[in-house]
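*Asks:* The structure under discussion is supplied below as structure tokens; questions concerning it will follow.
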Amino acid sequence: MLLLLARCFLVALASSLLVCPGLACGPGRGFGKRQHPKKLTPLAYKQFIPNVAEKTLGASGRYEGKITRNSERFKELTPNYNPDIIFKDEENTGADRLMTQRCKDKLNALAISVMNQWPGVKLRVTEGWDEDGHHSEESLHYEGRAVDITTSDRDRSKYGMLARLAVEAGFDWVYYESKARIHCSVKAENSVAAKSDGCFPGSATVHLEQGGTKLVKDLSPGDRVLAADDQGRLLYSDFLTFLDRDEGAKKVFYVIETREPRERLLLTAAHLLFVAPHNDSGPTPGPSPLFASRVRPGQRVYVVAERGGDRRLLPAAVHSVTLREEAAGAYAPLTADGTILINRVLASCYAVIEEHSWAHRAFAPFRLAHALLAALAPARTDGGGGGSIPAPQSVAEARGAGPPAGIHWYSQLLYHIGTWLLDSETLHPLGMAVKSS
């Protein structure tokens with residue numbers, strides 16, 4: 001009963017916090033204060049994002065076979081009749097309107113961005129699903145997972161920005177392919193890479209208050225791990241639970257490496273870490289939360305440095321960003337302070353939304369309930385026979401039972417509320433693969 005009441009309280013309070021997200025992003029230099037608006041940079045000619053081959057797991061994934069009108073998979077394609085999109089349809093068969101649902105969703109989001117960027121201009125699709133064999137072998141056009149696009153006015157000076165808007169709309173791979181068009185593609189609907197959640201590999205390490213390190217996968221409630229407060233000061237924070245835990249997961253991780261000092265952090269695309277401002281002098285904004293998929297060489301992340309016997313966080317330039325597929329499991333630890341040092345690099349405990357402060361406030365009810373249950377449950381007994389009444393789940397975890405596998409129910413709750421209240425572009429396209437509880 002106590003656990004049920006706690007859950008009801010959490011649902012109500014979390015909903016109220018998410019309805020007014022603006023309360024979470026005031027001015028200041030603390031961690032998690034993201035700058036707005038975001039400046040968009042056009043793609044250069046022949047540039048592609050992400051900087052990997054199209055048919056790799058880190059982009060749109062492998063080719064799964066050509067779809068014809070007579071194949072069983074033809075039902076996977078859906079027509080797009082969005083009036084804000086112009087379809088060239090040079091074949092006069094309507095083929096260019098056919099695409100997977102994921103491709104359709106991204107294309108519709110891009111159409112809105114185009115009209116906002118250039119009033120009076122619409123998105124134009126020159127090629128969608130192809131059934132005539134006009135493309136290279138294993139082209140994703142044959143699966144309805146790729147589109148070639150321009151603007152309706154065919155102004156080529158706009159195409160670099162059009163490509164950037166496609167990236168922001170959530171296409172899994174965008175290529176400024178030629179002076180005449182932009183090529184975009186998406187992952188397959190059933191792809192294991194379609195959702196990455198926000199996690200670290202089980203082989204990642206954290207620093208413990210009592211000294212030494214521990215693998216992320218071995219963390220248990222009661223551990224105190226190295227983290228940072230909202231001013232960037234190092235401290236030890238209570239590990240509360242895993243927001244996601246999948247021991248057998250095979251994930252694609254972004255590998256972010258620095259040279260001075262030499263550190264390496266692996267995390268999934270939708271996870272947040274903190275990037276230092278370009279200029280530390282003057283009244284500049286504080287560190288910004290950034291999706292791992294958006295980190296680029298030359299940006300600076302925060303690492304632990306030892307100077308004169310003093311340990312502090314210092315910005316270190318990112319030397320390289322690569323992709324690696326690992327089968328070491330995937331873990332998303334939550335601390336009381338919402339931050340954690342993984343492999344000596346500062347990261348957020350949150351993912352999916354690029355607003356650390358919003359996420360941390362949304363988890364305030366969970367932290368409060370966790371503290372109350374931990375304080376009350378150990379003292380509960382049956383009063384007669386001396387036997388203990390079973391403790392709520394969160395307290396049982398603290399007694400060594402360990403958190404359950406999968407995505408935490410509170411994370412799923414916030415994600416569903418977020419999809420109702422927030423614009424789809426606010427959420428990372430590789431956000432959460434919600435599992436049934």
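Backbone N, Cα and C atoms are what each Cβ position is placed from, and that goes for glycine too.
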*Asks:* Swiss-Prot tags one of 33-39, 131-137, 257-263 as motif 'Cardin-Weintraub' - which one?
*Replies:* 33-39
*Asks:* For the Ca(2+) 2 site that Swiss-Prot gives with Glu127, Asp130, Asp132, which of Glu76, Glu91, Glu177 also belongs there?
*Replies:* Glu91
*Asks:* What mean pLDDT does the predicted model reach across the motif 'Cardin-Weintraub' (33-39)?
*Replies:* 54
*Asks:* If you measure C-alpha to C-alpha, which of Glu91, Glu127, Asp130, Asp244 (recorded positions) come within 10 angstroms of His183 (Zn(2+) binding site)?
*Replies:* Glu127
*Asks:* List the Cα distance (Å, whole number) between Gly198 (cholesterol glycine ester) and Glu127 (Ca(2+) 1 binding site).
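*Replies:* Rounded to the nearest whole number, the Cα-Cα distance is 34 Å.
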*Asks:* Can you grab the distance from Asp96 (Ca(2+) 1 binding site) over to Asp244 (site 'Involved in cholesterol transfer')? Cα atoms, rounded to a whole Å.
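*Replies:* Taking the Cα atoms only, Asp96 (Ca(2+) 1 binding site) lies 39 Å from Asp244 (site 'Involved in cholesterol transfer').
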